[in-house]
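Feature annotations, reproduced from TrEMBL:
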DOMAIN    106-129  domain 'Glucose-methanol-choline oxidoreductase N-terminal'
BINDING   Val187, Pro500, Gln501  FAD binding site
Amino acid sequence: MPCGAVRFHHKVLAASSLDKTWDYIIVGSGASGIPLADRLSETGKSVLLLERGWASSGRWGGTWKPSWLQGTNLTRFDVPALAQLVWQTDFNNTGIWCDDTPSPAGCLLGGGTAINAGQFYLPTPNDFDWNQPPGFRFKDMQSALRKVRERLPWTDKPSMDGKSPMATYLVTATKRKNFQLQMNTTVSRVLRTGNMATGVEVDSTGAGGLAGTIKVTPGIGRVILSAGVFNTFKILVRSGIGPAEEMQRLANTSSEAAKLPPKRDWLDLPVGRNLDDCPNFYLAVRVPNVEIYPWLDLWNSTAVNPDIKMYLEKRSGPLAELQATIGPVSWDTVTGNDGRKRVIQWDATSSRNALLPEDGGYIVFTLNLNLGHTSRGRLSLDPSTLKTQIAVSPYFNDAGGHDFDAVLNSSASLLSLINATMLQTIPGSFVMYPPPELTLEQYLRAQIPPSSNHWVGTAKMAARCSEEGAVADTSTVVCGMKNLHVVDASILNGNPTANPQATFIVMAERAAEIIKGLGRW
């Protein structure tokens, strides 16, 4: 969503500020890190927000834009329709994605919020009650939910709303003298003395970036990792926190061995386990006379284009939406033979995807298996390249195959509905995918692995650190540490009912409430 026309000059660190100590060092400026930084800076304590990437939105100094945005304070990241371009392999997207993750992750100010065109679905009670421990159940989240509704209110005119984490939380944080934003600075590891985090080691990734060490205030300072599933995992392992075999592989490499904590201080925790993503599948119906909007032609268009003109003048029209989406069309709850309910989200769009030929009109139905599935995977770190890898795929490895059965059941139901309605009322329409030569099951299995790129769960939150699989407690503190926290998708133990951005923000609001109440360590 557009971030407005006012330019805010963010405050950045001078190299001499490496000598300063901070009450809170937050690593990552995505859907969790930005709200958390804003709320913690309300206390008057010093807050440093570190971002490994560069400015995206025009409000924060971003400049990447088509010619028809020249003279405005908007960039490609401020126009919802241009979000289509980030997925195009034939378009220049250099620098948007992290180069050390196994799946697309935004490495720029705002993280995923900068590139997902503002898809925002508030979490349901089951999203917390099914997935999270006491303290993060739905009844515990009411204050956090209220705060999110106030800062990012619901609207049925999304093109006129103009709100996002960068346009709300980051604006208020930046107005405070105790808050600093530092871009182009990546965190290699958390510096530790036993169970105390003393600071972070940083490296420059671009102009104005910092290299060296940044320390927290002794006795009260806290390091908070909000770098996303892949990068939080990587930072923890390089800090001597994670599966022992991961640290041992690092210890066997000359470049990392000297930088790991002493082996006696390693914390053998299941970081990277419980990896979750929503399986994603497509069904497609060929529909005569349905035109596909030329999203990919927008970049090279001009301001005389009536749709561009409408957007520039009124923030309305096709450019004010992600794509021609009718959705979510429905949520389907399937109860498996194991007695567990699994929630499926169906969307419909007239946009193209890689399955479809260039010509003709289509309605594409997209399935996401969201809340309730039990298949999980595992991350690993390549010690030679320091790239995060998916060691075990998180799709359809549950005992009994109930996750796939839910997908098959729901897809069959939708196809029956399509056959009984669309194909009977729209002359010339027919099902293109699944193709007639494949059964529905054969077609679905051929699409595996089917990522939605909604990764969560790799620093599992538990009521007690003695619980199996626990990485963080309900204070968001890493088990075995005093002042190291994880607040991002990693502590969401399973995917919610819908797209997870809003859930991450609500979790950050709740975490801020808790962290504010913590004393000296």
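Each Cβ is built from the backbone N, Cα and C atoms, and glycine gets one as well.
Just so you know, TrEMBL annotations are computer predictions that nobody has curated.
Keep in mind that this is a model prediction, so the values were computed, not measured.
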Helix, strand and coil totals (DSSP H, G, I; E, B; other) for the domain 'Glucose-methanol-choline oxidoreductase N-terminal' (106-129): 9 helix, 2 strand, 13 coil
In the chain carrying Pro500 (FAD binding site), residues 6 or more apart in sequence that have Cβ under 8 angstroms from it: His454, Val456, Ala489, Leu492
Residues that sit under 8 angstroms from Gln501 (FAD binding site) by C-beta distance, when 6+ apart in the chain: Ala31, Gly112, Thr113, Asn116, Gln119, Phe120, Tyr121
Val187 (FAD binding site) CB neighbourhood, other CB atoms within 10 A: 26
Max pairwise CA distance, angstrom, over record-listed FAD binders Val187, Pro500, Gln501: 25
Mean predicted confidence [pLDDT] for the domain 'Glucose-methanol-choline oxidoreductase N-terminal' (106-129): 90
